[in-house]
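Per Swiss-Prot, these features apply:
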BINDING   ARG10, ILE11, ASP36, ARG82, SER125, ASN331  NAD(+) binding site
BINDING   SER161, CYS162, THR163, THR193, THR222, GLY223, ARG245  D-glyceraldehyde 3-phosphate binding site
ACT_SITE  CYS162  active site, nucleophile
SITE      HIS190  site 'Activates thiol group during catalysis'
Amino acid sequence: MRVAINGFGRIGRLVLQAMAEQKLLGKEFDVAAVVDLSTDARYFAYQLKYDSVQGKMGSSLSAPAEDILEVGGHRIKCVCGRGLKPSQLPWKDLGIEVVIEATGIYANESSYGHLEAGAKRVIISAPAKSSDASKPVKTIVMGVNEHEFDPAEHKVVSNASCTTNCLAPVVHVFLKEGVGIETGLMTTIHSYTATQKTVDGVSLKDWRGGRAAAVNIIPSTTGAAKAVGEVLPSTRGKLTGMAFRVPTPTGSVVDLTFRTEKETSVADLNAMLKKASESYLRGVLQYCDEDIVSADVIHNQYSSIYDSRATLQNNLPNEKRFFKVVSWYDNEWGYSNRVVDLLKFISQKR
């Protein structure tokens, strides 16, 4: 399958790296092009080789021509997207079948421009919504609702957010195992990202968001909890939450405080999640019973790393429905691996 990556930033590069680590590059997937603001293949090779958080890429890297990037012997054309809309990109000429839309800009119906340019499908590496009913965007969380994918109908799909990918599998287990969720509040303690400031700067819409990322804990908004309702409709209206952006470069954690529909216990909840991690959520949910911290989940490929030692039950007498669970995630690497998994899934449905 011929693939293009539009946007060669954090997620775009890590998706390519994940393909290489999974030994899919040049075999199951022919990444024919990457699009960014330049075609400087030498610089792209440098960015892939040296990563301040994820470490050095294991594949060989070179630039045999100014606009040709070579990764592990696989040649990729570098396309300059400066000033171009998705509909103006050379997908027809390059024979592109699937575009991974990783710019963060076209997370709506505008991503249909890739189809106009000749691609057959689009995966958006961000939460996405369409305001045009004739151009729907289907949200898929691997391990949770990929069975809803319809190849004939869903030409553009969203991989949701990294936080939704962490939270939704945990919620899915509680629903599938029968304890249910009556209501819940989620907090994500989230590493800073490229949208934040290195020093205090202008942020007219979000004053706190303009403060220096590396020296502050910054309250922020997130739609991740509400988005769970898109992939698990029975939770719609039951979950909401907020974020705290913290001074770590990657490695985040979700804290879900919730009330179950049926009485249960910490031991039972842990058992449910352990069972799921070994069966229907294998490869998506990891069960951990060790004393880990955020640095320990860097470069962990799972969507959600459940921390069984952190599970709490309200200590009121006879209270058997009020709990807190905690699950970690590498908001970069885990998410990028799910983009690749979604691509694999879609390729099998052609």
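Even glycines carry a Cβ here, placed using N, Cα and C.
This view paints the features noted in Swiss-Prot onto the structure.
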| residue | record | Cβ contacts under 8 Å, 6 or more apart |
| --- | --- | --- |
| ARG10 | NAD(+) binding site | THR193, ALA194, GLU332 |
| ILE11 | NAD(+) binding site | ALA102, SER125, GLU332, TYR335, SER336, VAL339 |
| ARG82 | NAD(+) binding site | LEU37, SER38 |
| SER161 | D-glyceraldehyde 3-phosphate binding site | ALA126, PRO127, THR222, GLY223, ALA224, ALA227, TYR335 |
| CYS162 | D-glyceraldehyde 3-phosphate binding site | SER252, TYR329, ASN331, GLU332, GLY334, TYR335 |
| THR163 | D-glyceraldehyde 3-phosphate binding site | THR188, HIS190, THR222, ALA224, ALA243, SER252, VAL254, TYR329, ASN331 |
| ARG245 | D-glyceraldehyde 3-phosphate binding site | HIS190, SER191, TYR192, THR193, GLN196, GLY209, ALA213, ASN216, ILE217, ILE218, PRO219, SER220 |
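The recorded positions in question are HIS190, GLY223, and the one with the fewest Cβ neighbours inside 10 Å is GLY223. Figure note: comparing Cβ neighbours within 10 Å for the binding-site residues SER125, THR193, THR222, ASN331, the maximum is reached by SER125. The D-glyceraldehyde 3-phosphate site is defined by SER161, CYS162, THR163, THR193, THR222, GLY223, ARG245, and by the 8 Å test on Cβ atoms against their centroid, the other residues of the chain that qualify are THR188, HIS190, ALA224, ALA243, ASN331. Its own atom aside, the Cβ of ASP36 (NAD(+) binding site) has 23 Cβ atoms within 10 angstroms in the protein chains shown. In the three-state DSSP scheme, SER161 (D-glyceraldehyde 3-phosphate binding site) falls into the coil class. Mapped onto three states, the DSSP output places ARG10 (NAD(+) binding site) in helix. Mapped onto three states, the DSSP output places ASP36 (NAD(+) binding site) in strand. Site extent for NAD(+): the farthest pair of Cα atoms among ARG10, ILE11, ASP36, ARG82, SER125, ASN331 sits 27 Å apart. SER125 (NAD(+) binding site) falls within neither a helix nor a strand when secondary structure is assigned with DSSP, and so counts as coil.
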